[in-house]
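Some features that Swiss-Prot has for this protein:
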- GLY169, ASP170, ARG171, GLN172, THR173, GLY174, LYS175, THR176: ATP binding site (BINDING)
- SER373: site 'Required for activity' (SITE)
Amino acid sequence: MRLNSTEISKLIKERIAQFEVFNQSYNEGSIISVSDGIIKINGLSNVMLGEMILLPNNEYAIALNIERDTVGAVVMGPYIHISEGAKVRCTGKILEVPVGDNFLGRVVNALGFPIDGKDSIQNDGFFPVEADAPGVIDRKSVNQPIQTGYKVIDSMIPIGRGQRELIIGDRQTGKTALAIDTIINQKQSGIKCIYVAIGQKLSTIINVVKKLEENNALFNTIIVVASASEAASLQYLAPYSGCAMAEFFRNKGEDSLIIYDDLSKHAVAYRQISLLLRRPPGREAFPGDIFYLHSRLLERASRVSMEYVQKITKNKITGKTGSITALPIIETQSGDVSAFVPTNVISITDGQIFLESNLFNSGIRPAVNPGISVSRVGSAAQTTIIKKLSSGIRTALAQYQELAAFSQFSSDLDDTTRKQLNHGQKITELLKQKQYSPISIAEQALILFVAENNFLDDISIDKITKFEKEILIYAHNYYFDLMEEINKTGDFNIVIKDKFIKLITEFKKNQF
């Protein structure tokens, strides 16, 4: 069979039309050094700061140093098997973590992979770990409370949804306990919680998970873990990953609470990475951008407007405002709040809860110092009944602490001073609270009403705890409707005042 030139030409054209060229270009380079989780790469061009770099065995590094001829990157995980001369390439993407409702009740690592031994997690998408904070126009004022369940905090240092409130104090003063109790108190409120453990011992993290399970609060919580045994790169990344997970709920018009435990260890991990990258050290050997490290993280916590939620969901969700409330924790050394990292975070946040070792050791739990603890925006969000009943508590405590210091130098005190000291001691005793026992708004209101209206005058200090426990039981048994009404509305009026007086009078007459 002979083909003529026309048929040959047609056949060649068909083959050319069907020919597919599998041609793909990569921005590729090679590793020139590996040490302590830091790799130096030569040959990469057009690299973005924070870009993911693909390593052999489908592992990744993040570009943190971009120099004239080389790129410095930090490996996300083990680096033992990485060798010099290995080929790497740019991905053109920044790091993203999986997010979704299915992460609630689970323990994940800084990259969003489950580490609790349960099934894999079906995610609802991916969010970038580094994201811009909402602008001024997109924000809404903080005017809704978030209840911690602690009398001393909800009455004197109230926290609002969308606020950033620092918990600061020496080691072993109850910082984590306060944060965990706040999570436990949210199980009825519908607020989604994220607990980020940075540089903690695994035994401590296991204990936190166990306590949340025991108090039926784990179902509402995501735990992000970068333990002390993990690479500094993962400890650096963990808070940003946790914040991305919180932003998923905020963007749906829901309220979320995120706890960073703690940012001191986060700063140390970043210092380690920066020194290994040969960045110039500054004060306390921290790099120059240590303030920006925490400010860009904490500025993402805010309350956003309905328009923002509507815009970000492309009109799928309307009429809802979302929020991220951040409770960063900072550990001080011997009560020194003027150190570099504590002063940075104090200046970024909207207030601080200061926990003192001497108060903790003297049996006052939570060991909050009301004198230097402050909430800059939370008072606007405080429940009406708590706001009205707590106005005199801070003043009474401040006067008591001043007089207590003065009375050490004088044995001869007049009756007025003695009464003030006695009243202050009783209020201090009344504000004590055990761990894992948060109380409701109505219970707080009743206790504050007792303190504010001098119903403790005829009760000795050693019986205050018993009095508090029994009056709350009495209130739930005989005034259940009143307590439920206060929990729902948070209002305070003459009717509620009269019922409180009747309740306390009846209890003291018949039961105590």
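Each residue, glycine too, has its Cβ placed from N, Cα and C.
The secondary structure of THR176 (ATP binding site), as reduced to three states from DSSP, is helical.
Long-range C-beta contacts of THR173 (ATP binding site), restricted to its own chain and to partners at least six residues apart, with a cutoff below 8 Å, comprise LEU355, GLU356, SER357, PHE360, ALA367.
Each residue contributes its Cα atom, and for GLY174 (ATP binding site) and SER373 (site 'Required for activity') these two points are 15 Å apart. The secondary structure of ASP170 (ATP binding site), as reduced to three states from DSSP, is coil rather than helix or strand.
The two recorded residues, ASP170 (ATP binding site) and SER373 (site 'Required for activity'), show a Cα separation of 15 Å. Comparing the binding-site residues GLY169, GLY174 by how many other C-beta atoms lie within 10 angstroms of each C-beta, the top residue is GLY169. Looking at ARG171, LYS175, the binding-site residues in this record, the fewest other C-beta atoms within 10 angstroms of the C-beta turn up around ARG171. Other than the site residues GLY169, ASP170, ARG171, GLN172, THR173, GLY174, LYS175, THR176, same-chain residues with C-beta atoms no more than 8 angstroms from the centre of those residues' C-beta atoms, the ATP site, are GLU331, LEU355, SER357, PHE360, ALA367.
Taking GLY169, GLN172, LYS175 as the binding-site residues under consideration, the smallest Cα distance to SER373 (site 'Required for activity') is found for GLY169.
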